Amino acid sequence: MYQKGYKIPVIENLGATLDQFDAIDFSDNEIRKLDGFPLLRRLKTLLMNNNRICRIGESLEQALPSLTELILTNNNIAELGELDPLATIKSLTYLSILRNPVTNKKHYRLYVIHKVPQVRVLDFQKVKLKERQEAEKMFKGKRGAQLAKDIARRTKTFNPGAGLPTDKKKTGPSPGDVEAIKTAIANATTLAEVERLKGLLQAGQIPGRERKSGPSEDAEEEMEEDPVPNGS
């Protein structure tokens, strides 16, 4: 279902779709908060890139129990604590938060891995076992709990309307592009290959539409042991 580029400010009236879609594209709109969904058991892929999203609603798992892919590239999420509601979406395995202010926060990637452990591909990079271990070490015990508490406290003082950019002209991946991205990442066997794919994505190229390069010499750094499933 395509709702792309209509300057939509809020998500509403999706009950009229009668839960017929596996994927919904809300990219290139004016949406500020990720909420307003009725119960959509079938929905697996949600494209929200190039909006103004700065908040994520609570209890999304009740409305979207099958959601596996969420693309939030190029939005306005600024604080790590704003990502906490994603933790309850147990089916979520693919997540992109690229080009949001929050990605510049210290320990951003480790925090997301800790808070949303079901995610297996974050910002088009596979989550490695080593990263999971580092995240567990960082946020365990009293010190880790205090760090998480400090992050949540900063979030409560965040003003969602502050400093929002007025122009959103970057385009994000289409549903077909997402499939190509997933295929390329699933076929990657080394960290170097995944990094190469990330570079192609940031340059506006879609993996799977270019000739695959030979094996990398950096094979000693392996991905997490479980393969990433291909397809929604």
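One is the number of the first residue shown, and numbering goes on along the chain from there.
Cβ atoms are placed via backbone N, Cα and C, with glycine included.
Automated prediction, rather than curation, is the source of TrEMBL annotations.
According to TrEMBL, the feature domain 'U2A'/phosphoprotein 32 family A C-terminal' maps to 105-123. Residues 79-80, 83-84, 86-87, 89-98, 131-132, 134-136, 138-139, 148, 151, 182, 185, 198, 224, 226, 228 of the same chain lie 6+ residues outside the domain 'U2A'/phosphoprotein 32 family A C-terminal' (105-123) yet bring a C-beta within less than 8 angstroms of a C-beta in it.
The region 'Disordered' annotation in TrEMBL covers 155-176 (among others).
Residues or ranges marked as region 'Disordered' in TrEMBL: 200-232 (among others).
Residues or ranges marked as compositional bias 'Acidic residues' by TrEMBL: 217-232.
Per-residue pLDDT, averaged along the domain 'U2A'/phosphoprotein 32 family A C-terminal' (105-123), amounts to 95 for this model.
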